[in-house]
Structures are given as structure tokens and as C-alpha cells.
Amino acid sequence: MSKIPAPDEKTSRSDSGSSILRKPDWLRVRSPGGAAFNETHGLIRKLGLATVCEEAACPNIGECWTKKQATVMILGEVCTRACAFCNVKTGHPDKVNPLEPGHVADVAAEMNLEHIVITSVDRDDLEDGGASQFVKVIEAVRARTPKTTIEILTPDFRGKPDHALDMIVKARPDVFNHNLETVPRLYPTIRPGARYFTSLRLLEKVRERDPSIFTKSGLMLGLGEDRLEVHQVMDDMRQADVDFLTLGQYLQPTPRHVRVEEFVTPDSFKAYAATARAKGFSMVASSPLTRSSYYAGADFARLKEARQKKLEKIAAKNSGKGA
């Protein structure tokens, strides 16, 4: 079992005490609030659930919660990793809550969700990395709200047996998302507990086991990567047959986290999106405020449509060859 980092290890991997750079105008958002926002907040509190919206200090929380959209975080609020960019607490997690799957299903039902995103902290302390809890949550949501489509955003299950991933694939989430987060060169400082090719291989394994499951991955920009490195990651993702790419600006949560090296301009995000589409991604979301689950439901609908068009194009091409 890997060592669980101490809660202050994020500080030692960043410029401790460095001031947070002032955000440019294109990153400014309205403060959260309003009746719909408070209703979503109240429901999540009532069911005792955590959301990545809060734990990761997402800038889009006001907009998403007002629209009755939230990304549920299972397996507790304490992570066994200490990624330098992440605002989630690090330490020794609590025991897995057996009531959690039912509570997530309650959220899907009470919010009348067409699409739900389920993520988790890393649980290196568990034999299967928490895979069985993902399966129970998927099954509970399907039983309660069969029409709700399900997207999961998973950890890397590094060092866990293959059956951990196998059981999730057999549960057939509609979208399997695992973020590469940054370019390989920056992994030792940004994702010290992870390995780039382990994460890439995870996405590839999902497609090998069930090609019908959509795969998705994302990068944070502004950590010191360069354009060619981002393009290489795109190529690696396409080699792994990833369908959907998300690109967003890294924002430093607190002074103890790794600092922002660059605020990437909206025009640069548009240029990256054009490159990604040219490389063959079925769906690309690329903007300063893009996050993995931002507009996830609408993007999933467009992703299905894009795949259908691609299949029809292939069928027409094959039909022409046989004529």
C-alpha cells in the first residue's frame, strides 16, 4: 500500500505563501447565490453528500447550482493523494459509507437530473481503489432514475488489480472520464502520486473492454506547459481513442498550492480547440472556465450525435467500396 501523504505536503510542493495572481477579466464570475442555488445547496447538505464543486473550489459553482447541476463526489471528502493543484483535503479517509449510493440516487431523483456526473477522491487505502462503490452508485442511480445518463470521473486505480476497472466497465457508465491533468514533464511536481502513462493506459483499457462507452479526459493549462507538449498529449489521447477532450485554465485555490504560470487567453483556447478537432476528437470543450463536468449533460448529447454521424460516414464509405 502506498504511503498516504501528510496534509501539509501540498505546501512543500508549491511556493508556500506565494500570493495568488490577479485574474484577468475573462475569468471573473458572479458570486453564487439565489433561490435555486440555495435549494441545490440545501438538498446536498440534507443528504450528507460532498460535491467536487465545493471541495475543488470550482469557479462555475454559482452557474451550475442555479441550473440544478452538480458533480457528486463519493468515497468521502479526504483524499490519499496530495496533488499540488487540488483543493481537496489530504489525509486518512473515513470508512466507506454504505448509504452513499442511495443518497446519490436520491439527488438524481429529487433534482430530476437527465445527466449526472459522479467523481471521487483517490482511495489508495482500499483494495479496489473504490471501484466497487462506483458500481454500487451506478446501479443505485439506474434503479431509481433509469433515464438518467451517468458520467463518472475516476481516479487512476494505480496499483490496483485489473478487476477494479473491469467491474466499472461491466456497470457500463455512459461516459468514463479520467483526466490526465497536465503534460508528462510536469507530473513529478503537479501529480506526484500519479504516472502519466498509467492514466493514459487506463483510458485505453476502457475502450478495449467496451468500445461503446464514451471516454473523456482533460488538461489544465497555465501550469508551465508549452504548446507542443499540449499537442503531444492530444496525440497520445487520440492514440488511446479518447472521444472527448476538455481544456481549462488552472486557478490557484490558495497560496499554498502551486502557482499559476500563465493565464491562457481565450483566443489560445480556441486555437487549441481547432487543433484538437483536426486531430479527430469527436467533442472538444476548450475555454478558460471549462471544467470536466461543466455543461456535461449538453456536451454528452452532442457527443452522441457526433459519434452517430461518424458511424454513418464510415458506413457510407464502406458501402461505396462494396458497390
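Note that Cβ sites are derived from N, Cα and C of the backbone, with glycine treated the same way.
Swiss-Prot lists CYS53, CYS58, CYS64, SER293 with the feature [4Fe-4S] cluster 1 binding site, giving sequence analysis as the kind of evidence. Residues annotated as domain 'Radical SAM core' in Swiss-Prot, with sequence analysis given as evidence: 65-282. Under the heading [4Fe-4S] cluster 2 binding site, Swiss-Prot lists CYS79, CYS83, CYS86.
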Can you tell me the CA-to-CA distance separating CYS79 ([4Fe-4S] cluster 2 binding site) and SER293 ([4Fe-4S] cluster 1 binding site), as a whole number of Å? 19
What average pLDDT is reported by the model for the domain 'Radical SAM core' (65-282)? 93
What is the Cβ neighbour count of CYS79 ([4Fe-4S] cluster 2 binding site) at a 10 Å cut-off, with all protein chains included? 25
Out of these binding-site residues, CYS86, SER293, which one has the fewest other C-beta atoms within 10 Å of its own C-beta? CYS86
Integer Cα-Cα distance in angstrom, CYS86 ([4Fe-4S] cluster 2 binding site) to SER293 ([4Fe-4S] cluster 1 binding site): 16
In whole Å, how far does the CA atom of SER293 ([4Fe-4S] cluster 1 binding site) lie from that of CYS83 ([4Fe-4S] cluster 2 binding site)? 19
